[in-house]
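Visitor: Not my notes, these are from TrEMBL:
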DOMAIN    82-190  domain 'Prepilin type IV endopeptidase peptidase'
TRANSMEM  18-35  transmembrane segment
TRANSMEM  56-80  transmembrane segment
TRANSMEM  100-119  transmembrane segment
TRANSMEM  131-151  transmembrane segment
TRANSMEM  171-191  transmembrane segment
TRANSMEM  203-224  transmembrane segment
């Protein structure tokens, strides 16, 4: 199943998706306010100034809506976008992924995917989502506990949710997202060492790369699937 249908290009060019994107971007701003307040109220609260998180939510969600349009997969993609903004903000600033968010994200994602399937049968595959979640989450847990210098436990907990999101769409989405995450992490790490800002022992937050890879895979053009296949 293509991640983006053949009508995507026409929809963007003809402006069919711009209205949806504008509405979604506007609605994402108050969602960003809520995320900022949620992060502040965490047990180990993370305080952020007003503006950047709201702007990131509007950009990510508006961009997803522009690409997908009024698609059956838009709601779950918007949820993934908001989750990505919240977790990336904390990980980039404090080098941790809060359990309160990573653990609660799994059941919320499962409910959204079940609802999507009930409303639009055939939008994705719930069985594949569950298998992908177990495979990806299990692999990341094994890496986090067996080689903790390479993978954080927060990343491993998050991987179960990302496996759900990606597996619901396709195995190629799973493969692409993970490959992209590790590639981006390697590029940033090497660039940091080349610039003298990092060493081989420097801690690099991996959560944002996982989340970015997931979002790209969820809205990626169908040529990516063709490339990977």
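Cβ atoms are placed via backbone N, Cα and C, with glycine included.
TrEMBL: automatically predicted annotations, no manual curation.
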Visitor: Per the 3+ Cβ pairs under 8 Å rule, pairs at least 6 apart in sequence, do the transmembrane segment (203-224) and the transmembrane segment (56-80) touch?
Guide: yes
Visitor: Across the whole of the domain 'Prepilin type IV endopeptidase peptidase' (82-190), what does the mean pLDDT come to? Round it, please.
Guide: 93
Visitor: Taking a Cβ cut-off under 8 Å, which residues six or more beyond the ends of the transmembrane segment (131-151) line up next to it in the same chain?
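Guide: Residues packing against the transmembrane segment (131-151) from afar: 106, 157, 159-164, 166-168, 171, 174, 178, 206.
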Visitor: Grab the same-chain neighbours of the transmembrane segment (18-35) for me: Cβ-Cβ under 8 Å, and only residues 6 or more beyond its ends, written as numbers and ranges.
Guide: 12, 50, 53-66, 69-70, 74, 78, 81-82, 85-86, 89
